[in-house]
Amino acid sequence: MRKPLIAGNWKMNLNHLEAIALVQKMAFALNDKDFDKVEVAVLPPFTDLRSVQTLIDGDKLRILYGAQDLSAHDAGAYTGEVSGAMLAKLGCTFVLAGHSERRQYHREDDDLVNAKVQAALRHSLTPILCVGEGLEVRQAGGQIAHTLGQLEGALRKVSADQAKSIVVAYEPVWAIGTGEVATPEDAQEVCGALRVRLAELYDAEVASSVRILYGGSVKSGNIAGIMAQADVDGALVGGASIDAAELVRICRFSEMPG
Ligand SMILES: O=C[C@H](O)COP(=O)(O)O
C-alpha cells in the first residue's frame, strides 16, 4: 500500500525566518490523523534547511523535509554546489532531481539527472525524480514517449532495490505555475504509463512500490480529482505550498470535493 505524499517545493521563496514561521503554521494546523493518512514534506531553499531541521527535531514534528537539488559529486572543488552527504547530515529525507526549472534554466540533461539520482541514493536520500513534457511535445501528442525517455535516462544503472525507494513526479511543464492544471485523466494517462514502464524496466514489485506524484498548479480545488486516479500517489506542490492553510487543505484531499 503506497502512502500518499504531499511535497511542497518552495522554489526560491522564503528566508530562514519565514521558513520557520511557515513550518510552525503547518504544524499547528496538521494533526496526527492527517499524518496517519498522508506523508507531508517541505522542500525549502538550502539556506533554510538548518532552521527547518532544528524546528522539526526540537518539536518532534512529523513533517519531513528535503532539498530542491544536489550536486552529482560527493565533495571537492565544485563552487556553489551542495552534496548529498551534506543534505543527509542535515537530516533530509528527500531531494528533487531533474526539476523542469533545473532542466530549463541550468541545462540539466538526462545524464546529469541520472548522476544526481545516483548521488542521492549513495547518501540514502530519496530522490524525487521529476519528469514531464513541454507544451509543444504535448500538442504533438508526444507526452508519453518524452516522459518515459526521461524516466529511463534518469534510472540508468539504478538497481531494482534502489528504484523501489524512489519517488517519481510527473510535472507537465505547461502546467507549472500557469494555473493550467492537467485534467485528472491527463495525469493518469502519463502516471499509468510510467508505472507500466517501471514494471518493464524492473519488475512488478518495483512498479507497485514507487510513488508517482502529479505536479503542476495543484490547489485545494483540484487535488481531489487528481488523487482519485489509480496511479497518482500524491502531489508535488509549488506556489500553493507556501500558503500554510492551502497546503493543509491539499493534505486533506480526501475531504475535498472531487
Ligand atoms: O515543483 C512543483 C511544480 O513545479 C509545480 O509548481 P506549481 O504548483 O507552482 O505549478
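Heads up, the Cβ atoms here are built off N, Cα and C, so glycines get one too.
According to TrEMBL, the protein has these features:
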ACT_SITE  HIS99  active site, electrophile
ACT_SITE  GLU171  active site, proton acceptor
BINDING   ASN9, TRP10, LYS11, GLY177, SER217, GLY238, GLY239  substrate binding site
Binding-site residues compared (GLY177, GLY238, GLY239) - the one with the fewest other Cβ atoms within 10 Å: GLY177
Residues satisfying Cβ distance under 8 Å from SER217 (substrate binding site), sequence separation of at least 6: ALA175, ILE176, GLY177, THR178, GLY179, GLU180, VAL181, GLY239
Shell list (substrate; ref centroid = CB of ASN9, TRP10, LYS11, GLY177, SER217, GLY238, GLY239; cutoff 8 A): ILE176, VAL237, ALA240, SER241, ILE242
Cβ atoms near ASN9 (substrate binding site) (within 10 Å, other residues, all chains): 26
Residue, out of the recorded positions LYS11, HIS99, whose Cβ gathers the largest set of other Cβ atoms within 10 Å: HIS99
Alpha-carbon spacing, ASN9 (substrate binding site) to the residue listed as 'active site, proton acceptor', which is rounded to whole Å: 12
Distance, the residue listed as 'active site, proton acceptor' to HIS99 (active site, electrophile) (CA atoms, angstrom): 9
Sequence-ordered binding-site residues from ASN9, TRP10, GLY177, SER217 with Cβ under 6 Å of an atom of ligand 1: ASN9, GLY177, SER217
Max pairwise CA distance, angstrom, over record-listed substrate binders ASN9, TRP10, LYS11, GLY177, SER217, GLY238, GLY239: 14
DSSP state at GLU171 (active site, proton acceptor), helix/strand/coil: coil
Neighbour count (Cβ, 10 Å) for GLU171 (active site, proton acceptor): 28
Pairwise CA distance, GLY238 (substrate binding site) versus GLU171 (active site, proton acceptor), rounded so that it is a whole Å: 11
For GLY177 (substrate binding site): DSSP state (helix, strand, coil): coil
